[in-house]
């Protein structure tokens, strides 16, 4: 059935826009240039407002997910990377459940990637229609069919640009992937803004700066009671405070520490005697993939819940899925779940919220740990990183594990890789929960993604430098 499905979509994949693989080795400085160009295009799209929208001031149901999904409300990047990640989630679940089978051949892998791109484009159109028809930009009946269609076209073209930018980097023209680059940029931008944002907000305590560090100096300079000023700077509510910033730095340090955990399996050359090496199996074997897929799952659940609650607010089943309320605190208008499944799958707002509703906290922890472990375990099967795939790669490189024959390598690798994938996913989920409870800036998931992505870029840089030999030769 799997091969039939891939063969069925083959004609559609042939007409999709595609980035050709480079015909020569791309130098590091060229990769840096292409990466910078890709990032520049993304940031420009984040600032260009959608033409034709009547209003984007209503409560934002995806406020909590925007940092993770690299989206910016009311702009061309309204959808962010959500369509790409959602299509990856769907294809992974289909492959993991054996509904479709992906072979080891390059042809099957190419068809699988093509199917993922096709689904990404379909999801982009679907999400654009949902956003417009649920009134996120104004009443569709007042805007008219022409304006609604124009907004949908803008969102689709922007989504296609994101798909192609991601493929550009994935094909080897740049560093890393577009998804990782956009997420890390968005999260780092949020952290810097929450720390140094110069905008002022009128609160019950008076006018305060949004940035936690600027607010510290402002409070110390304007308040006569310095001890109370320090207390406010560290613990103020509804605005970034210094404890949030300290929690963010702490989570950064913990994740970087865990990045170093790995098991080195001794391998040797089957051709040349005396040539030994090691194959590292990291604790975060699947890196940040589990948390990205988990975020995609939750964000799509939010989309469906918001769409249904807008149309059928009194329905019992709709309320069971999620009941939403608009935030009454200072800051941007946002909607948040107050009951139903969406509420229990959303992180508690603070440690105080954990004490107020421990059932919510327990369900959220179980969901995070379970979903991350599941996605991590299934991802290795469809991404070419399972024990069978690793054994095949070592065999192609004429390497064998010391003390084991070629035939027993898969069995030995199976002792480590699935365990590392599941336990690593569990740790990723646990660290995300810890960051949420500590109140880290940008959400626990966002911080975790930022650290793992920055670490990936650090590893890429070190690898490129070791191949060239010196820093000067790498950049000039």
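If you go along the chain as it appears here, the first residue is 1 and each next one adds 1.
Even glycines carry a Cβ here, placed using N, Cα and C.
The topological domain 'Cytoplasmic' annotation in Swiss-Prot covers 2-33 (among others) and is backed by sequence analysis.
Look at Swiss-Prot and you will find 54-76 (among others) tagged as topological domain 'Lumenal', backed by sequence analysis. Looking only at the topological domain 'Lumenal' (54-76), the predicted model's pLDDT averages out at 75.
The topological domain 'Cytoplasmic' annotation in Swiss-Prot covers 97-117 (among others).
Through the fold, the topological domain 'Lumenal' (139-144) approaches residues 52, 54, 132-133 of its own chain, all at least 6 residues removed from its boundaries and within a Cβ separation under 8 Å. As annotated by Swiss-Prot, topological domain 'Lumenal' applies to 139-144 (among others).
If you look at the topological domain 'Cytoplasmic' (166-172), the same-chain residues 6 or more away from its ends with a CB under 8 A from one of its CBs are 18-22, 26, 31, 34-35, 38, 81, 84, 117, 178-179, 181. Residues annotated as topological domain 'Cytoplasmic' in Swiss-Prot: 166-172 (among others).
Residues or ranges marked as topological domain 'Lumenal' in Swiss-Prot (evidence: sequence analysis): 194-240 (among others).
Residues or ranges marked as topological domain 'Cytoplasmic' in Swiss-Prot: 262-288 (among others). Long-range contacts of the topological domain 'Cytoplasmic' (262-288) within its own chain (CB-CB distance under 8 A, at least 6 residues past either end) are made by residues 180, 375-376, 379-380, 383, 385, 390, 394, 398-403, 406, 412-413, 416-417, 420-421, 423-425, 427-428, 448-449, 452-453, 456.
According to Swiss-Prot, the feature topological domain 'Lumenal' maps to 310-354 (among others). The list of residues near the topological domain 'Lumenal' (310-354) in space but at least 6 beyond its ends in sequence, with Cβ under 8 angstroms from a Cβ of it, reads 57-61, 63-64, 134-135, 201-203, 238-239, 298, 301-302, 304, 360-361, 363-364, 367, 433, 436-439, 443-444.
With a cut-off of 8 Å between Cβ atoms, the residues of this chain six or more beyond the topological domain 'Cytoplasmic' (376-420) that come close are 91-93, 95-96, 102, 104, 109, 112, 263, 265-271, 276-277, 279, 281-283, 285-286, 289-290, 293, 426, 428. Taken from Swiss-Prot, the feature topological domain 'Cytoplasmic' applies to 376-420 (among others).
The topological domain 'Lumenal' (442-445): residue composition by secondary structure is 2 helix, 0 strand, 2 coil, according to DSSP. The feature topological domain 'Lumenal' is assigned by Swiss-Prot to 442-445 (among others).
The topological domain 'Cytoplasmic' feature in Swiss-Prot is assigned to 463-476 (among others); the stated evidence is sequence analysis.
The annotation transmembrane segment is assigned in Swiss-Prot to 34-53 (among others) on the grounds of sequence analysis.
Listed by sequence, the residues of this chain that lie at least six past the ends of the transmembrane segment (77-96) yet keep a Cβ under 8 A from its Cβ atoms are 2, 42, 45-46, 50, 66, 69-71, 102, 112, 115-124, 127-128, 131, 155, 158-159, 162-163, 166, 178-179, 182-183, 186, 292-293, 295-297, 299-300, 375, 378-379, 381-382. Look at Swiss-Prot and you will find 77-96 (among others) tagged as transmembrane segment, backed by sequence analysis.
Feature annotation from Swiss-Prot assigns transmembrane segment to 118-138 (among others); the stated evidence is sequence analysis. With a threshold of 8 Å between CB atoms, the same-chain residues lying at least 6 positions outside the transmembrane segment (118-138) that come near it are 9, 12-13, 16, 50, 52-56, 58, 74, 78-79, 82-84, 86-87, 90-91, 148, 151-152, 155-156, 159-160, 163, 303, 306-307, 310-311.
Summarising the annotation, Swiss-Prot assigns transmembrane segment to 145-165 (among others).
Long-range contacts of the transmembrane segment (173-193) within the same chain: residues 19, 22, 26, 30-32, 34-35, 38-39, 42-43, 66-70, 80-81, 84-85, 162, 165-167, 210-211, 248, 288, 292, 441-442, 446-447, 449-450, 453-454, 456-457, 460, each at least 6 residues beyond the stretch ends and with a Cβ under 8 Å from a Cβ of the stretch. The transmembrane segment feature in Swiss-Prot is assigned to 173-193 (among others).
The DSSP breakdown of the topological domain 'Cytoplasmic' (376-420) into helical (H, G, I), extended (E, B) and coil residues amounts to 29 helix, 3 strand, 13 coil. Counting Cβ pairs under 8 Å to the transmembrane segment (241-261), the stretch among 289-309, 421-441, 446-462 with the most such contacts is 421-441. According to DSSP, the topological domain 'Lumenal' (310-354) comprises 16 helix, 10 strand, 19 coil.
Below 8 angstroms of C-beta separation, residues 64, 67-68, 187, 190-191, 194, 248, 251, 291, 294-295, 347, 431-436 of the same chain, each at least six residues beyond the ends of the topological domain 'Lumenal' (442-445), sit close to that stretch.
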